[in-house]
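Per Swiss-Prot, the features are as follows:
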MOD_RES   MET1  N-acetylmethionine
MOD_RES   THR3  phosphothreonine
BINDING   LEU36, GLY37, GLU38, GLY39, SER40, TYR41, GLY42, SER43, VAL44, LYS59  ATP binding site
MOD_RES   THR183  phosphothreonine
MOD_RES   SER265  phosphoserine
COILED    290-310  coiled coil
REGION    303-332  region 'Disordered'
COMPBIAS  313-326  compositional bias 'Acidic residues'
MOD_RES   SER320  phosphoserine
MOD_RES   THR340  phosphothreonine
MOD_RES   THR367  phosphothreonine
MOD_RES   THR387  phosphothreonine
MOD_RES   SER410  phosphoserine
MOD_RES   SER414  phosphoserine
MOD_RES   TYR433  phosphotyrosine
Amino acid sequence: METVQLRNPPRRQLKKLDEDSLTKQPEEVFDVLEKLGEGSYGSVYKAIHKETGQIVAIKQVPVESDLQEIIKEISIMQQCDSPHVVKYYGSYFKNTDLWIVMEYCGAGSVSDIIRLRNKTLTEDEIATVLQSTLKGLEYLHFMRKIHRDIKAGNILLNTEGHAKLADFGVAGQLTDTMAKRNTVIGTPFWMAPEVIQEIGYNCVADIWSLGITAIEMAEGKPPYADIHPMRAIFMIPTNPPPTFRKPELWSDNFTDFVKQCLVKSPEQRATATQLLQHPFVKSAKGVSILRDLINEAMDVKLKRQESQQREVDQDDEENSEEDEMDSGTMVRAVGDEMGTVRVASTMTDGANTMIEHDDTLPSQLGTMVINTEDEEEEGTMKRRDETMQPAKPSFLEYFEQKEKENQINSFGKSVPGPLKNSSDWKIPQDGDYEFLKSWTVEDLQKRLLALDPMMEQEIEEIRQKYQSKRQPILDAIEAKKRRQQNF
C-alpha cells in the first residue's frame with residue numbers, strides 16, 4: 001500500500017503545518033519511510049505527510065545538542081519564503097528529540113550527483129544551477145542573512161531540477177548594529193579570505209564560496225583540495241585568487257564569472273544581484289537540461305541498492321546454511337566471528353541535510369568530490385559529541401579529528417631520528433637554517449611530515465586560550481539575561 005501511496009501525487013500542497021497537526025504526536029501526522037543520512041546536529045529521515053501524501057524530510061535532533069544553534073537554524077528557515085530556499089513546515093518535541101520538518105529534495109545534492117555519475121557538470125548545467133543558487137542568495141542577502149557554508153553539498157535539487165539552498169546550521173543574521181561578522185565558520189576550502197583573517201565580513205563572503213563551488217562543479221573538487229587544509233587556510237588569504245586548473249577548457253564567460261566571484265577585496269566583489277546579470281548566468285538554459293543527469297544519478301543509485309540487497313540476501317543464505325551445518329555437536333561462538341553479515345544501509349554517515357547517499361560512496365566525504373582514489377576527503381559534516389561543547393570553527397574540528405587519526409596511526413612507532421632531540425624543534429634565531437644542510441633527505445622529509453601536527457597543536461592551544469577568556473564573558477552575559485528575564 002505504501003508504494004501505491006508514494007506514486008500518487010500529493011492531494012494538496014503542504015505549505016505549513018497547522019495548529020491541529022502540531023498538537024498531535026509526529027507519528028500521527030507522518031509515516032517515516034527511511035533514513036537519508038546525517039546532517040548538521042542530527043539525523044535526517046524521509047517521511048510522508050499522511051493528510052496530503054507529500055514527501056518531506058525530517059531532521060531529528062537530540063535535545064542534548066547545541067539548542068541555540070538549532071533554534072537559530074529553525075529561525076532562519078522559518079523567516080524564509082523562497083522557491084530557491086528549502087522550506088520549513090514546523091517542529092515537534094518527541095521524547096528527547098526535536099523533529100524539524102522540511103522540504104524534501106529527491107535528487108539530493110549537486111555533489112551527490114557528481115559522485116554517483118562519476119562525472120562533473122557541463123557549463124550549461126553549471127549555469128542553470130548557479131542561476132537558481134544566485135536567486136536564493138539574493139533573497140537571503142536581501143533579508144540580511146549570510147549562509148556561510150555555500151558548496152555543492154548544500155545545493156539540493158528536486159526531481160524537476162530546481163536548485164535550493166539547504167543546511168542553515170552555520171548561517172548568520174546581520175543586524176543594523178552589526179555590519180560585519182567576525183566568526184570563523186564554514187568549510188576550509190570554500191572560505192573567503194576575510195572570513196579566515198577574521199577582519200569582519202558580510203554577505204559577499206557567500207559569493208566567494210559560490211565561485212569556489214563553480215570550480216568544484218566543473219573540476220570535481222575545490223582549489224587546494226590536494227593539499228593539507230591547514231596549509232590552505234594560510235594560502236587562501238595570501239595567494240592570488242584561484243583559477244581553473246586548465247583554463248583553456250572553459251569559455252570566456254564562465255572564466256569571467258568565476259573571476260568576478262573570487263575578488264579578494266570584499267568591497268570590490270560582485271553581489272548576487274549583479275551576478276544574476278552576468279552573461280554566463282543570463283544565458284542559462286531551463287531546468288529541463290538537468291533532468292537527464294538527475295535521472296542518470298538516480299538510476300545508478302537504484303542499481304547499487306539492488307546490488308547491495310542481492311549481496312545481503314546471498315549472505316543471509318550462506319549464514320542460514322552455516323547454521324544448519326552447525327546444528328550438530330559443534331556450538332557456534334557468538335562474538336567477533338559474526339562479522340560476515342552486512343547491514344542493509346544505503347546511506348553514509350557523512351551525508352548532508354536531506355541528501356541521499358549510497359554506501360559504496362566514500363564515507364564522511366561531506367561535499368568535496370575527489371576524482372583520484374588516494375586523496376584525502378573532507379567536509380563540514382562531522383559527528384558531534386552528545387554533551388555540550390564550546391563553539392569552534394568547523395575547520396578546527398577537522399584538524400582535531402585528523403590529529404587523532406595521526407596519533408592512532410603513529411602509535412607504537414619510533415620518533416624520527418633528528419626529531420628526538422628537543423632542541424631540533426626550536427625555531428632558529430634570525431632565520432638561520434644552516435643546520436639543515438647537514439641532514440639527510442630522509443631526515444628532512446620526516447621533519448616536514450612532523451610540522452603539520454605541531455602546527456595543529458599550537459592552533460589548538462591558541463583556541464583553548466581564547467576560549468578560556470571568552471567563556472567568562474559569555475557566562476556573564478547569560479547571567480545578566482537571566483536576571484533581566486526574572487524582572
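Glycine residues also receive a Cβ, built from the backbone N, Cα and C atoms like all the rest.
All features noted in Swiss-Prot, drawn onto the structure.
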residue	record	CB count, 10 Å
LEU36	ATP binding site	25
GLU38	ATP binding site	24
GLY42	ATP binding site	21
VAL44	ATP binding site	26
SER265	phosphoserine	9
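Separation of the C-alpha atoms of LEU36 (ATP binding site) and SER265 (phosphoserine): 39 Å, rounded to the nearest whole number. Cα of SER265 (phosphoserine) to Cα of VAL44 (ATP binding site): a distance of 38 Å. Model confidence over the coiled coil (290-310) is summarised by a mean pLDDT of 89.
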